[in-house]
């Protein structure tokens with residue numbers, strides 16, 4: 001619990017053309033997401049014969065990339081993952097008969113190099129002036145670098161190959177799509193596991209599958225299922241994801257002039273309540289609109305573990321919670337050990353030693369978004385047990401954090417931990433995001449994603 005993924009939000013210049021690349025055939029998909037301690041993994045089935053690589057599902061970036069090279073893949077500052085044996089398998093392009101390097105003339109190559117001049121990648125590749133002008137240089141796209149808001153960096157080569165996806169009718173039936181473009185990454189800094197970007201840029205998995213005008217939905221399993229191989233949660237892409245939107249609370253997507261490929265929503269207020277008291281924290285306008293430079297809004301990002309709030313709102317929220325929890329002892333040793341700002345020692349009710357009992361005297365927390373959307377979070381989404389119960393008591397810590405860089409880019413981030421046991425639907429046709437609290441494990445079982 002003390003290790004969280006900071007924002008995967010891609011802070012470089014956004015891809016310009018959402019529609020300038022060839023789109024693959026649109027279809028409905030249902031892909032299983034496997035929960036790990038700091039995110040949700042989707043399996044990419046790439047190559048001939050197939051090689052299956054597990055990567056993070058990330059709504060805060062565009063690029064899909066996989067680690068490449070069995071022994072040559074190098075991850076700097078990834079010791080934490082090595083010691084826990086969490087470095088994932090790698091893709092070997094030499095073992096796929098259908099793998100090819102993307103060309104410097106490709107629009108994907110122009111996008112990955114964030115160039116306004118389509119000739120730049122081929123010029124960097126050493127093409128002659130004649131082939132440059134004629135647009136027929138046969139040289140591959142030069143090596144790219146791609147950075148993330150957390151400080152992560154990856155370097156690699158754009159590659160095309162066959163990808164296989166699961167249809168919506170049966171989890172055992174796959175569909176083969178050629179020409180999928182992804183990063184074949186040989187070295188990274190603090191990025192030990194590949195990433196499938198679900199942003200709205202041309203390089204994203206969603207965009208390449210031709211589903212950018214439809215949408216997707218997910219239902220993240222609660223943390224107690226992390227690393228459980230027997231249950232996964234459903235990621236639904238295409239028309240099927242929109243089937244349940246009539247029962248959702250829908251808030252409008254905001255268009256960021258700075259990051260047009262990312263998903264922003266507007267936060268209006270936060271309510272904190274218990275059985276005897278209720279208080280509302282009004283938030284500043286920059287949580288629901290952008291300034292002249294494009295800063296502001298609340299980024300919804302599956303690549304960030306915990307929700308981050310601006311300092312004034314975060315401090316006010318902590319103060320309100322403390323006033324409602326004054327009768328319960330703080331667990332300062334856990335605060336010092338974990339770095340979380342609020343931890344409490346709470347009784348296991350009814351002489352129960354269960355750390356998952358949701359009946360402790362914790363305040364309820366409701367996020368109020370634009371469009372009169374009121375999302376009351378499950379309590380385990382913001383107060384979570386740090387250790388097994390002892391002497392009929394359990395320590396739970398508050399898992400919302402302060403925003404480090406609120407003056408640049410998003411003013412706040414809505415992270416994946418706070419999205420657990422909530423169906424989240426990205427209705428990209430109508431430019432809306434929907435929320436509905438739901439038991440995601442039950443949803444997974446109903447869709448055949450629970451092995452016994």
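Cβ coordinates come from backbone N, Cα and C, glycine included.
Positions annotated as active site by TrEMBL: 58 (among others). Counted within 10 Å of its Cβ, the other Cβ atoms near residue 58 (active site) come to 31, all protein chains included.
Feature annotation from TrEMBL assigns active site to 301 (among others). For residue 301 (active site), other Cβ atoms within 10 Å of its Cβ number 28.
Per TrEMBL, the feature disulfide bond maps to 348-397.
When pLDDT values are averaged over the domain 'Peptidase A1' (40-436), the model yields 90. What TrEMBL lists as domain 'Peptidase A1' is 40-436.
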Greatest C-beta neighbour count within 10 angstroms, which of the disulfide-bonded residues 348, 397: 397
Nearest-integer angstrom distance between the alpha carbons (Cα) of residue 58 (active site) and residue 301 (active site): 7
Cα-to-Cα gap, residue 301 (active site) vs residue 397 (disulfide bond), nearest whole Å: 22
